[in-house]
Amino acid sequence: MDGDNQSENSQFLLLGISESPEQQQILFWMFLSMYLVTVLGNVLIILAISSDSRLHTPMYFFLANLSFTDLFFVTNTIPKMLVNLQSQNKAISYAGCLTQLYFLVSLVTLDNLILAVMAYDRYVAICCPLHYVTAMSPGLCVLLLSLCWGLSVFYGLLLTLLLTRVTFCGPREIHYLFCDMYILLRLACSNTHIIHTVLVATGCFIFLTPLGFMTTSYVRIVRTILQIPSASKKYKAFSTCASHLGVVSLFYGTLAMVYLQPLHTYSMKDSVATVMYAVVTPMMNPFIHSLRNKDMHGALGRVLRRLFQRPK
């Protein structure tokens, strides 16, 4: 009980990835620029989809929710990082750290599950086009998204509650960008074997199951596309999946760089990979999804024209 009280009343120091004032200034402007680009890109995606009735389809419904998740994700971490880079007070309360961790886990999980649902949408559209309207009905889309949210909220709550049973002692200095589960476990002075086992087991289920589902879906999609006789139709089918594959590759690639390693080897060198998945991935997603998408180009153009159109 004393350990719990000690943890509840303590603070952590988010020291970031550099203590050099010159480097901190560079990092501040870099992260601020990336944050603004991320917010602008994802807000434009949401506005374009919501304002264009031609984009009111399951694929764009899930894309808008993915953009919302990415927007929430960077807002959970980057503003605090920017404050720490400009301030001498780098403290974050125990409750604040747990709150940041909860949203971090929940939103990464939600991103992962939405990507899996988007793969299912592409599978039905290409492999079972005659059943697409019934298989991806509005009611089912809302149900799938609700399940994604429910599971993400539960998983974030589970890991956060488990961490409340951990006792922290000694210097509570986090040489990292934000409160991360692996980093916090390294600061613990109580036995973390059970929570580490739960973390690995649930993490494998939550992330590898959707990855396996997406891999299976795309194997079947590729087989179906290769059977299409028309070269132009093949290209169109591949192009509808290319952006999703790009986002999935970036998402899982950066997560693997950070988390597919033993806890005791987790060190400062992983900060670059963390920046990739925590900042770069949400920033790049809008560009990847709209790069070769003519429908998105048109919708974004109409949104921008309305925003900058002078009132008569």
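Backbone N, Cα and C define each Cβ position, glycine as well.
Sequence annotations record features per position, and here Swiss-Prot assigns topological domain 'Extracellular' to 1-25, 80-100, 159-196, 261-271. Residues or ranges marked as N-linked glycosylation site in Swiss-Prot (evidence: sequence analysis): Asn5. Annotated transmembrane segment per Swiss-Prot: 26-49, 58-79, 101-120, 141-158, 197-220, 238-260, 272-291, in sequence order. The topological domain 'Cytoplasmic' annotation in Swiss-Prot covers 50-57, 121-140, 221-237, 292-312 and rests on sequence analysis. Summarising the annotation, Swiss-Prot assigns disulfide bond to Cys97-Cys189.
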Stretch with greatest number of CB pairs under 8 Å, the transmembrane segment (58-79) reference, 26-49, 141-158, 197-220, 238-260, 272-291 candidates: 26-49
The transmembrane segment (26-49) versus listed stretches 101-120, 141-158, 197-220, 238-260, 272-291: most Cβ pairs under 8 Å: 272-291
Tertiary contacts of the topological domain 'Cytoplasmic' (50-57) (same chain, 6+ residues out, Cβ under 8 Å): 64, 295-296, 298-299, 302-303, 306
Outside the topological domain 'Cytoplasmic' (292-312), six or more residues from its ends: residues with CB under 8 Å to it: 44-45, 47-49, 51-52, 54-55, 239, 242-243
Rounded mean pLDDT for the residues that make up the topological domain 'Extracellular' (80-100): 86
Beyond the flanks of the topological domain 'Cytoplasmic' (221-237) by 6 or more, those residues with Cβ under 8 Å of it: 122-123, 126-127
Residues satisfying Cβ distance under 8 Å from Cys97 (disulfide bond), sequence separation of at least 6: Phe12, Cys179, Leu184
Same-chain residues at least 6 beyond the ends of the topological domain 'Extracellular' (80-100) whose Cβ lies under 8 Å from its Cβ atoms: 7-16, 24-25, 27-28, 31-32, 35, 160, 163-164, 177-179, 184
Residues that sit under 8 angstroms from Cys189 (disulfide bond) by C-beta distance, when 6+ apart in the chain: Thr167, Phe168, Cys169, Gly170
